Amino acid sequence: MKRLSIFVIVLATLGYGQVALAQDSLPPAPYAYRQLDDPQQEHEAEELMESLRCLTCQSQSIADSDAPMAGDMRHQVRTRIAAGESPEHIRQWLMERYGDYISYTPRMSNDTWPLFAVPVLLFLGAGLIVWRRIGRRSGKDSQ
Amino acid sequence: MIAEFGLAALWLAAALAALQLLSGCLSLTEKGQNLALLVRPAAVIQAVLCAAAFGSLLLLFARTDLSVLLVAMNSHSAKPMIFKVAATWGNHEGSMLLWVTVMALAGGLIALIEKRLPERTMLATLGAQAFVGLGFYAFLLFSSNPFERLSPPAEQGMGLNPLLQDIGLAFHPPTLYLGYVGLSVAFSFAVGALLTRNVTPEFARVMRPWILGAWIFLTLGITAGSYWAYYELGWGGWWFWDPVENASLMPWLAATALLHSASVLASRDALRTWTIMLGVIAFSMSMMGTFLVRSGILTSVHAFAVDPERGSFILALLVLNIGAALVLFALRANTISEGQQFRAVSREGALVINNVALSAILGIVLLGTLYPLLTEAFGIRVSVGPPYFNPVSAIFAVPMLIVLAVGPMLRWRRDSLGRIEKPIIAVILAGLVGIIVAFSLGGIELLPFIGIVLSLMVAVGSVLPLKGRSLRRLPLAVWGMVIAHLGIAVALFGMSADSAFTQQTLVAASPGDVAKVGPWTITLESVDPVAGPNWTALEGRMAASYRDEPAQRIAPQSRTFWAPPQQTSESALLTRWNGQLYAVIGNEAEDGRWQLRLWWKPFVTFIWYGGIMIALGGLLALMGRVSVDLRRRHAQRRIEQRHEGYVQ
């Protein structure tokens with residue numbers, strides 16, 4: 001039942017489909033399955049890859065997918081990191097190209113503010129419930 | 001014939017559910033009291049019929065009867081028997097039939113054995129159970145008939161998704177379903193108690209074994225599912241915050257909270273409305289999970305919009321059941337008093353924090369799962385993944401785990417931290433040791449760091465309640481609590497260690513090449529073709545040695561299934577007490593070398609050992625509770641018999 005259709009291609013738009021198909025016919029990019037020599041850089045690359053969505057898979061990051069497109073993106077990330085680009089800069093670049101959807105780390109924006117507001121409300125609400133259930137009563141008891 | 005028999009049994013079961021609902025509701029009124037006699041037998045016969053329907057489908061799959069559409073679509077005559085059987089629930093219709101079957105069996109069982117609650121509450125409970133069940137029968141019969149014939153019969157079946165052809169996965173869905181549906185009983189009890197305004201400690205005691213049972217299955221289901229994803233997907237990840245995973249985590253979170261608040265209600269007659277509310281929420285989360293997985297909405301909101309029949313049906317059921325329960329709750333909650341009072345520093349106080357924190361985490365998982373679906377419906381696509389879920393849920397998990405380390409040592413009703421000063425110091429010391437060790441290892445990120453420290457604190461705190469007590473006379477339920485809490489610490493340690501210390505090596509290798517990952521040295525010896533019943537594979541034979549120890553053989557495979565055609569990576573694992581070596585063989589590169597992916601994952605197995613311990617703790621608690629109940633019943637019967645004898 002889980003991930004019933006991991007390999008079901010989730011092509012949101014025809015545009016993505018063309019990108020994926022075009023890249024399928026090319027040989028795999030060299031850094032798709034190869035690590036960077038500098039462990040510090042490789043660590044940075046891995047961290048970034050884990051937070052980027054594989055656009056042709058269902059709920060997998062590009063760091064854990066066999067899809068050709070994920071491989072190409074790993075190659076992109078590694079070569080750019082090796083060229084000295086910062087991970088956040090690469091993320092920006094990818095988000096400009098593919099939209100916010102590609103990043104698993106939501107940014108605060110007009111579309112995403114509830115993701116940040118609700119936890120704050122939950123925190124306040126949780127605090128309030130604990131205070132009402134426990135705090136006030138113990139105050140009353142201690143008199 | 002078998003298919004027609006199954007369909008007939010299913011219709012009859014649905015009719016009996018309708019009878020059970022009607023007679024259950026009417027028997028609560030003045031005029032309809034005679035109908036009460038019908039309710040329990042209807043529930044039992046419904047269970048038998050539904051089981052017969054499911055048995056028919058099992059038989060059809062076992063025989064690979066290709067004149068049945070569902071079998072032709074999801075099975076294949078060349079599959080091993082175990083996967084033919086597992087294919088029964090490896091598809092939409094079959095899994096929904098399994099769902100109602102489990103639900104009918106649970107309803108039949110309470111109708112047969114549960115005699116402790118006032119009869120009116122039981123009738124209302126069985127009525128509620130039939131109400132929920134009837135919706136799912138309608139769903140099956142009108143939009144997901146599993147027994148539909150195919151004419152002319154197919155010559156061969158389409159086969160089962162190869163990823164699902166795995167022994168672990170054969171039993172994963174039924175396990176989760178037992179958990180999901182077990183919670184329906186808690187839901188029905190909560191509704192029954194609300195309808196008859198009868199929320200008592202006895203009610204919590206009756207409900208508790210069902211919550212525990214459902215919770216054990218959910219725990220096992222999640223643990224097994226996570227291990228399956230880990231070894232089957234071939235990239236070493238064990239939790240993706242994928243909506244399908246979240247769909248099983250949310251009922252677990254709610255059930256965990258419910259379990260603890262039901263304990264407070266059973267022992268102390270406090271937290272009455274909380275318990276009812278959580279009973280409603282827990283099963284709502286089960287239905288939410290079913291909706292997410294079964295409606296197709298996850299593949300794409302657009303796919304859902306194109307063929308909305310099934311999705312809309314489940315959504316309507318979801319809204320109807322949850323809505324009705326919440327309205328009932330809103331109408332009745334203020335007529336139920338809160339129950340006994342307690343102080344901030346007390347067992348109840350600690351459990352309130354547990355409940356609130358679990359509910360908040362549940363809220364975050366729900367938000368993070370549904371929000372992207374919601375925005376997608378408006379054409380905005382956002383992704384919410386581990387970088388969001390991990391830190392945000394940690395905000396609530398951290399205080400909860402600190403309370404978990406000391407809470408079980410507190411007394412009911414009122415206590416002081418001064419009384420448990422020594423255990424608190426022991427827990428803090430464990431935390432300090434954790435900080436020092438984690439610092440000395442260096443380079444650990446914040447969340448895994450906190451995780452390691454907290455796991456040590458919880459580990460020490462969870463065994464401290466055993467101190468000074470006779471281990472042989474300790475009630476089973478206390479053992480259960482200690483082991484489950486220790487399991488939380490063990491799993492947390494595994495998760496943190498995996499994310500802090502995992503090492504990865506990706507290489508292209510020819511036979512004879514040597515690769516290193518962490519303390520392991522791996523030699524690729526050869527790559528050979530092998531064949532299975534319905535697949536062929538390329539197998540990388542490797543010798544792996546840990547430091548200077550003698551080499552062990554491993555053989556990861558890259559498998560190609562032919563029905564349906566698909567490639568999967570079968571990882572090879574070498575387990576030591578302190579972690580796992582994880583090896584995968586990928587494709588052949590142009591230069592004839594093979595892509596190898598190797599991971600050394602220190603203590604990763606603790607994640608699933610912890611999960612099993614949590615489930616085992618639940619099992620011990622269940623055994624303890626049930627045996628106490630049985631003894632109490634036995635004693636009561638003897639008192640009654642003696643009393644009768646005395647009167648005569």
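Every residue gets a Cβ built from N, Cα and C, even glycine.
Please treat TrEMBL annotations as automatic predictions, because they have not gone through curation.
For B:89-295, the entry in TrEMBL reads domain 'Cytochrome c assembly protein'.
Summarising the annotation, TrEMBL assigns domain 'Cytochrome c-type biogenesis protein CcmF C-terminal' to B:315-625.
According to TrEMBL, the feature transmembrane segment maps to B:43-61 (among others). Within its own chain, the transmembrane segment (B:43-61) is flanked in space by residues 2-3, 5-7, 9-10, 12-13, 16-17, 20, 68, 70-71, 75, 84-85, 87-88, 94, 97-98, 100-101, 104-105, 107-112, 126, 129-130, 133, 146-147, which lie at least six positions past its ends and keep a Cβ under 8 Å from the stretch.
Taken from TrEMBL, the feature transmembrane segment applies to B:96-113 (among others).
The transmembrane segment annotation in TrEMBL covers B:122-142 (among others).
Nonlocal intrachain contacts for the transmembrane segment (B:177-197), taken as residues 6+ away from its ends with a CB within less than 8 angstroms of a stretch CB, comprise 28, 89, 95, 98-99, 102-103, 106-107, 110, 117-118, 120-129, 132, 203, 206-207, 210-211, 213-221, 248, 251-252, 254-255, 258, 275-276, 279-280, 282-286, 289-290, 325, 328-329, 332, 335-336. Residues or ranges marked as transmembrane segment in TrEMBL: B:177-197 (among others).
For B:249-267 (among others), the entry in TrEMBL reads transmembrane segment. Here the transmembrane segment (B:249-267) has long-range neighbours at 179-180, 183, 186, 199, 201, 203-205, 207-208, 211-212, 214-215, 218-219, 222, 274-275, 278-279, 281-286, 288-289, 339, 347-348, 351, 354-355, 358-359, 361-362, 365-366, 369, 412, meaning same-chain residues at least 6 beyond its ends whose C-beta is under 8 angstroms from one of its own.
Annotation comment: TrEMBL describes B:274-293 (among others) as transmembrane segment.
Residues or ranges marked as transmembrane segment by TrEMBL: B:313-331 (among others).
Under the heading transmembrane segment, TrEMBL lists B:352-374 (among others).
Marked as transmembrane segment by TrEMBL: B:394-412 (among others).
Annotation comment: TrEMBL describes B:424-441 (among others) as transmembrane segment.
Nonlocal intrachain contacts for the transmembrane segment (B:447-464), taken as residues 6+ away from its ends with a CB within less than 8 angstroms of a stretch CB, comprise 390-391, 394, 398, 401-402, 404-406, 408-409, 423, 426-431, 433-435, 437-438, 482, 485-486, 488-490, 492-493, 495-497, 499-500. Annotated transmembrane segment per TrEMBL: B:447-464 (among others), in sequence order.
The transmembrane segment annotation in TrEMBL covers B:476-497 (among others). Beyond the transmembrane segment (B:476-497), the same-chain residues lying 6 or more positions past its ends with a Cβ under 8 Å from any Cβ of the stretch are 239, 401, 404, 408, 447-452, 454-456, 458-459, 461-463, 465-466, 469, 579, 602-625, 627-628.
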* Go through the chain and flag residues at least 6 beyond the ends of the transmembrane segment (B:122-142) whose CB is under 8 A from any CB in it; none is fine as an answer. => 10-11, 13-14, 17-18, 20-21, 23-25, 27-28, 36, 39-40, 42-43, 46, 93, 96-97, 99-100, 103-104, 106-107, 110-111, 114, 184-185, 187-189, 191-193, 195-196, 283, 310, 313-314, 317, 320-321, 324
